[in-house]
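Enquirer: Mind having a look at this structure? Questions to follow.
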Amino acid sequence: MVRTSKTEKGVCWEVQANNQTFHKSLRRRSILCVRWGRYADNVVRSYKYTPLTFLPLNLYEQFQRAANLFFLLIVILQCVPIIATIPWYSTMLPLLFVLVVRGCKDLATDVGRRRSDSQINKRPCDVLTPEGFRTVKWKDVCAGDILRVHKDQVIPADLLLLCSTEPHSLCYVETADIDGETNLKFRQALTVTHAELKADQAEKDLAAFNGVVWCEEPNGNLHSFKGELHWKGERHLLDIDNLLLRGTVMRNTNTAYGLAIYTGMTSSDSKILQNCGRLILKKTRVEVLLNKTVLVILLFMLTVALLLAIGAGIFELQVAPQLNVLVALQRGSSAAYLGFLNFWGYIILLSPSMPMSLYITFEVIHVVHCLLIGWDLEMYWEDNDSPAQARTSTLNEELGQVGHLLSDKTGTLTQNRLLFRQCYIDGKIYGDMSQECKPLDLSWNRFSCGGMKFSDQRLVEKLRGWSSPECQEFFTALALCHTVMSEWKDGLPQYQAASPDEDALVCAARELGWVFLSRTRETLTISELGITRNYQLLAILDFTSKRRRMSVLVREPGGELKLYCKGADIVILERLQKDQPLQEDTDSALELFAQNCLRTLCVAVRPVPESLWTEWSHALNQASMAGGNQETMLEEIYDQMERELMLLGMTAIEDRLQEGVPETIEILRKAGVKVWVLTGDKTETAVNVGYACKLMDPDTALIQGEELRQLLDSPSPDVRAMSKEPEVWITDRKSVKSKTALVIAGPELEELTQKPEWGARFVNLAGQCQSVLCCRVTPAQKAEIVEMVKKHSTSITMAIGDGANDVNMIKTAHIGVGVCGVEGSQAVQNADFALAQFSFLRRLLLVHGHWSYYRVCGFLLYFLYKTSAFALVHVWYSFYNGYSAQPMYESWFISLYSTTYTSLPVQCLGIFEQDVSAKSCFSWPEIYSVGQENKLFNPLVVALTLLYSLYSSIILFFIPMGILQHSTLDFQTLAITVETSVVFTSTVEVVLKTKYWTKYSFAAIVFSLVAFFLSTFVLHSTRLFTASPKDYFFLGASANAFSSPEVWLTIFVTTCVAVLPSMTMRALSVVLTNPNKHKIHSSKEPVILQSWFQRGTLRRRSSYAVSQGKGFGKLITTGVGLHSAAPPQDRRVTPNGLIRGSPQHAGIEMNGSYRA
């Protein structure tokens, strides 16, 4: 009865603490495809194969290629003597070679995944056993286990926090591997478990803990959790604040104890792994079209073989009886039966039109392209010894066709570092942003930790000389107005902040002499240039995303009450006293900071009379005890106090991007790649980073919220964005190129994915905008966005990220790229390509991607041409041999043509060929559109290539036949003439296709021709004929043929006429095309990359963008989580060396004069 009620409420997942017998009896197991059980183990399995499934699964994947199935059929046919026209081993050996090579490559890739999985599975953790806590491996953890987690350890499973060594059993975790945010989140145990399970005697108490957790089934929702703890006859409600998620890192907490609720990788019970998605077998569009082309060739070959078989039957029935020679050779078979045998004979004879060497060479070229990516020193990151890696060798050419780049933000675009670069105080801007700026001498500050990027000696002199009360109060506000927690290490305060902005500001104040030392529930202690001051903390008006500001109300040591407030400029400026001085200077400073894409916030103060404090505190106490609308009442009371402010100044923080990110995004946009940013951060953070990395121009209009909803709800299918103010969209049919960007949040995305028509309109609208920012998205939503783009557009998608929260979208996209960042290695393990820096992406796409696409397309078209032209000669010869399936060439030429005579030149074409140099790829990124528009390998180009091969085959047979049929030369001479013409035509064609000559290309051409002539003379020698007359029956034919001038003249004429269309088209393209387009490869002039957007009037101000939820204010004012220990006294640390900053100098006095 109890279980029924819980199931009805959606709480049906039962976890019994310290009851391994219960959980192991229901552990999930599987044999082949049969699975049973409830609770998954904790083993990571990202590999595809097992010893039992490797052979059948790999063969199944390989025989999905139509050519492999076809050649398997050919091998079977060649084993039947009555229809075999060429030896069976000529096809069997290449087929086995292809299967073995591809299987070994897939096995090596899977072994690499197993090694990565093993490293994770063997991580140690402490699990409670009857003998006490014992160190086990991650893979041995199961639901119901009680774990002990230490500081800086990764959480191995989803745990219910039972208690910790922190006051009130708090636990601070870093969730960068889940949502990309590096600021700390707090989790707290239930009051009952905190009180009953003492951390100092946890082992004894936890061993007796027998609570039962009823919660929701495993799901991928990272921001909610519903459950109940049943213990000692009482029921306690659980939520997400009580849960430690797998993949998070415990910080600022010595020890925590938790109950494993969700485990598992294969079955994905834990929340983060519910968001990882499944491994997807990816194929490039080029390969898909190639497979379709192979099917078309197969159907064509079957049709031709059928027609020739019918011709054979008619010939046998009507013509053969009239010829005495053929009558003597009658085998007593009917015409239909002979036609049936000839049908299969022609299938074997025409099979070289789909040569197995195509796929062998294709695999080799893919592998070499991967090696070239790994060997590229310009994509090698020396700091962590990380070269670029191509973890999948089948997607190289698709790198040259990417139309949408969907990128994570934190750790991918940014370095997870915020730097205090400038500030505005009393009408002056401080901070030198030029690269030549000198680091500050902070040896006088015993609390300095070094590494500060701020440089302006004027400010230091004013602070140390106590000559500027405005500057002193500004930094007093920075040292007091925050919710930072301090922890002392080696005599220095270490800070744990709720947002990276607060950490950067408090650290900047510390470096300049205003040091936050410690806090209690009622006091704040700071050091002002060595003088310790204690401020009484009266109230914290906490930050929320709606308020976009926070304040502290303190009593100074002298007894005066002051409110210090900091927040977004648009929020603070409207709360200032009227007729504030320096208003124009303030606006100019904001414009300058915005132009430099710095994140700004305003700092203000308000003296508070005792009478106002008494009245306001009474109202605050009443609101704190209010019922349902408590938050609304508190916001109104906070708003009453945060009025009549006086501006102290503004801070400007640089959200440190990775090196080369703005330039990379700019050149990718010029190349036609649409860049989307998908992040778990808040909108303000993402927007500021978007401006900083040139994803958007400073005057770009943002379409978001209700405005975006109106666009998506518009009944007109032709929604167009436009930049005209105040309306930024229209629904007529006139498209206007606009400077707009779309901004959408996670809750709105849920509605977007539920309405297919919205998804199509959103993708269509995004195609007209500069960029798209998707904020507060879960890992599963990232994958849904990628899937939506794939569904509603025809472009190739690439997803790039560096954390476990990016794995799902990396797997979903056509191409997944993992960045070797600070958020772990799961993204790299599941990616197709791995890079150390986002900036390497431009070389990967514009150079290696473009070259791979160009090389693969040229290789495939040439291969289809040379093999089809070679095989179709048999069709025309059938008109002269009575449709008898007799080959035009000798059998050894058929075997060696694709493997020896023409293999090396086409490999060089696929490995070394390039239409433009690497430098030109960056100078003219528009060249990249060749791949995006699929100009080099599409159905039309393939059809023209096959028609060209049909033309060449006609020439290759009928010209020699027409010239030599009335001469005294025999059939073997004709065969050698046609063979030589085929080799020469293929060689001339590859010479015409080659634009980038290397010594290897030249050597390949020479080797192929020498190999042809040498092997021809050897195979026609007397010694081989004597050894095996059946296999080597062209005795002396080559010497006889090559001694005839008539033969050489025929070869020359045939070759010239066969390649005439190709030479004509190339000549016309040179004559008719703009000559400037042919100077790309040889241009030596330097190229300046310039944005094609005109910078307009700045209409944006960089706002205070904090990537956090609600702040720690409530914890501080209730005394929860505060250490009472006073900071150590009189300690000193040697300042570290400082690194110079960058871009722009800004020593400007805002009243109009310029200061050095």
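Cβ from N, Cα, C; glycine included.
Predicted automatically and left uncurated, TrEMBL annotations should be read as such.
Here the structure is a predicted model, which means the values were calculated and not measured.
Feature annotation from TrEMBL assigns Mg(2+) binding site to Asp408, Thr410, Asp802, Asp806. The feature domain 'P-type ATPase N-terminal' is assigned by TrEMBL to 24-92. Feature annotation from TrEMBL assigns domain 'P-type ATPase C-terminal' to 828-1071. The annotation transmembrane segment is assigned in TrEMBL to 69-89, 293-315, 335-352, 859-880, 936-959, 971-992, 1004-1027, 1047-1072.
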Enquirer: Might you confirm whether the transmembrane segment (936-959) is in contact with the transmembrane segment (1047-1072), defined here as three or more C-beta pairs under 8 A between residues 6 or more apart in sequence?
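Expert: They do touch: at least three Cβ pairs between the two stretches lie under 8 Å.
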Enquirer: Hey, does the transmembrane segment (859-880) touch the transmembrane segment (293-315), meaning at least 3 C-beta pairs closer than 8 angstroms, sequence gap 6 or more?
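Expert: Per Cβ check, the transmembrane segment (293-315) touches the transmembrane segment (859-880).
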Enquirer: For the transmembrane segment (335-352), find every same-chain residue at least 6 residues outside the stretch whose CB is under 8 Å from a CB in it, and list them.
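Expert: Contacts with the transmembrane segment (335-352): 70-71, 74, 77-78, 80, 82-86, 91, 301-302, 304-306, 308-310, 312-314, 316-317, 867, 870-872, 874-875, 878, 883-885, 887, 894, 897-898.
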Enquirer: Hey, which of the binding-site residues Asp408, Asp802, Asp806 is the loneliest by Cβ count within 10 Å?
Expert: Asp408
Enquirer: So how many other Cβ atoms are close to Thr410 (Mg(2+) binding site), meaning within 10 Å of its Cβ?
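Expert: The answer is 29.
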